[in-house]
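Student: According to TrEMBL:
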REGION    1-25  region 'Disordered'
TRANSMEM  52-69  transmembrane segment
TRANSMEM  90-110  transmembrane segment
TRANSMEM  116-136  transmembrane segment
TRANSMEM  184-205  transmembrane segment
TRANSMEM  231-250  transmembrane segment
TRANSMEM  280-299  transmembrane segment
TRANSMEM  319-336  transmembrane segment
TRANSMEM  348-366  transmembrane segment
TRANSMEM  382-405  transmembrane segment
TRANSMEM  417-438  transmembrane segment
TRANSMEM  444-463  transmembrane segment
């Protein structure tokens, strides 16, 4: 079950030339698809129970990556006192996530050429190294900060796989009526890991008192540092456990493909990029995803810093961030299951979600400006607006992923999602970069949320959807 599982023979199409669409093309008519029926491969469409174990391992890996990435944002005040982090350090610790997407296309090339197992093993190994670097016991605070930054960078390099490979995994292992659900579970668990960081950090790490770091007692600082190191060791243990499980069992594909789309020919790596960059419909929907999700990811990473001026405690900020992402994960999986039952409704679902996101983000922004708008600024209104925003935006992610793949099929799933998440992380990185220079005034960051959601809503409204992959599965599998 090692590298032999991912051979050159494995990467060849399992269907004969008469069944899949010709290389570089997709099914364009019912007649073209139906003509391939006589060449159907025996056993095509079979699913295996082990697919749920593969999905569980991949999802838990994404959970751990999100947990490690968001370690520092929810406890940034405590980290400042324990390790002497500056505002630049806190922003950079979050920024390592989008920076890790710079070699995104190298990971997607590896996924396309070497298969799922090799890519996932490399990803989990990088996570082990990153989590381990943060745990090295060093008394020199300067060196310790560098090791923490190095660990966050390595964990960020694992982001391209856990964020982009979900549609590839769902197509490889799941039937057409389970794909959206599998994509939702695999992609949402990474966000759930980031949400749990909002919960674990503030609950286990005490917030510093109101004194400055120079006046804080050494006992208090040592206690905070010990609690942070406990969190780091626990995360390291979790990552090591998942790496061991992945090494023991993570097959790259089932013996027989679960659908026609899983077995059909895909475009080459180079031709895929040419197809994506020349497809205006794809570029439109990619921007509709990348801009608001990139803004929201950066906003969530420094939520504690954003809510500090409105006198929200570190613990309350952690709970707000936790429930906003958890709500999005639950609704996202439910929406994906609905999309599996009622096919061809992805655009309508996105329109409903982004209408809600625009309204809830506007509500939050105006509430934070209560001195001007005179809207009630209470814990209830902040909880409600943030949670609704997280529900609407996070639940749109698996729906977007499925729509991307349907729009540009037969471009490989990993390459398609790699391009859009790369764009999303560019927007996130740019915002966090500006945040390091304008961290004393964050009202502009809040206005980016409703603006990006409204822009995305307009782009989705103008988008013309198509379902080439689904049409292939439905027609040829009949």
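Glycine is no exception: its Cβ is also placed from the backbone N, Cα and C atoms.
Unlike curated records, TrEMBL annotations are generated automatically.
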Student: Residues of the same chain, at least six outside the transmembrane segment (348-366), with any C-beta under 8 angstroms of its C-beta?
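Tutor: For the transmembrane segment (348-366), the far contacts come to 288, 292, 335, 338-339, 373, 375, 381-382, 385-386, 388-389, 391-393, 395-396, 399-400, 403, 446-447, 449-450, 453-454, 456-457, 460-461.
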Student: What same-chain residues lie close to the transmembrane segment (52-69): Cβ under 8 Å, and 6 or more beyond its ends?
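Tutor: For the transmembrane segment (52-69), the nonlocal Cβ contacts are 94, 96-97, 120, 123-124, 127, 130-131, 151-152, 155-156, 158-159, 162-163, 165-166, 169, 173-174, 182, 185-187, 189-197, 200, 235, 238-239, 242, 245-246, 249-251.
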Student: Flag the pair the transmembrane segment (116-136) / the transmembrane segment (231-250) as in contact if three or more Cβ pairs fall under 8 Å (sequence separation 6 or more).
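Tutor: Contact criterion met.
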Student: State the non-local partners of the transmembrane segment (319-336) in its own chain: residues 6+ outside its ends, Cβ under 8 Å from one of its Cβ atoms.
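Tutor: Non-local partners: 74, 180-181, 183-185, 187-189, 191-192, 194-196, 198-199, 202, 300, 303-304, 307, 312, 349, 353, 382-383, 386-399, 402.
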Student: Quickly jot the same-chain residues contacting the transmembrane segment (280-299) by Cβ under 8 Å, restricted to those at least six beyond its ends, or write none.
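Tutor: Hits for the transmembrane segment (280-299): 94, 97-98, 306, 350, 354, 357, 389-390, 393, 396-397, 400, 403-404, 407-408, 416, 419-421, 423-429, 431-432, 435, 445-446, 448-449, 452-453, 455-456, 459-460, 462-464, 466.
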